[in-house]
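J.: Here it is, the structure in full.
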Ligand code: DX5
Ligand code: ZN
């Protein structure tokens with residue numbers, strides 16, 4: 001099984017008043033993914049934006065839209081996000097009692113399905129749905145805000161997930177999100193992740209140079 005390494009700049013760290021130009025700037029660095037965080041002020045304290053904004057972004061970008069929903073009952077937004085042009089919809093096991101059905105609906109709506117767990121949630125929470133997903137996101141910070149410190153204990157879950165994937169003969173991507181910089185990205189890669197979200201690290205200073213730096217570390 002060959003998994004492709006992807007860097008996913010998080011638009012949460014970009015300029016909210018200029019999404020069109022920020023998307024262009026991300027695209028020009030040569031990455032394929034943009035990570036889009038939807039927050040409702042309930043599942044997490046912060047509020048970002050919803051599916052209408054994603055639809056507006058779609059008009060300005062051909063990047064893969066990797067949508068991470070930090071909202072209560074995310075199944076309410078499956079149709080809206082599919083229509084908005086989202087490519088991947090990743091939902092938290094902690095956010096709905098209907099994670100199994102919701103993941104099936106995401107695929108039925110034509111998107112790739114992702115499941116995500118918080119740092120305090122054990123891997124067992126997603127074991128029953130692993131065969132329904134294209135991507136598993138292991139949060140490496142508590143969700144809600146950019147700029148937090150990476151939590152090293154989450155790496156054990158990445159390692160255990162690699163083992164589980166092999167045992168089950170599955171092929172989903174493993175993504176990490178939170179506190180990723182030019183040191184922690186290597187730790188996450190060594191643990192077995194292949195999709196790396198980065199927000200504040202990339203958008204502080206020169207975006208292109210920061211993407212190049214993370215790519216260099218990943219290729220080293
Ligand atoms: C946090 C979000 C992340 C955030 C990461 O809840 O899910 O995607 O943008 O930001 P950094 O890379 O700054 O930790
Ligand atoms: Zn995220």
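These residue numbers are counts, starting from 1, taken along the chain as shown.
Yeah, the Cβs are placed from backbone N, Cα and C, and that goes for glycine too.
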J.: Say TrEMBL lists 68, 144, 145, 146, 147, 177, 178, 179, 199, 200 as binding substrate: which of 10, 21 is in the same site, per that record?
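T.: Among the candidates, TrEMBL records only 10 at this substrate site.
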J.: So among 35, 37, 68, 177, all listed as recorded positions, which is physically nearest to residue 144 (substrate binding site)? Use the C-alpha atoms.
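T.: Answer for the nearest of the recorded positions: 37.
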J.: Which state, by DSSP, holds residue 200 (substrate binding site): helix, strand or coil?
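T.: Note: residue 200 (substrate binding site) is helical by DSSP.
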J.: In sequence order, which same-chain residues at least six apart have a C-beta under 8 angstroms from residue 37 (active site, proton acceptor)?
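T.: Residue 37 (active site, proton acceptor) has long-range Cβ partners 10, 11, 12, 48, 68, 70.
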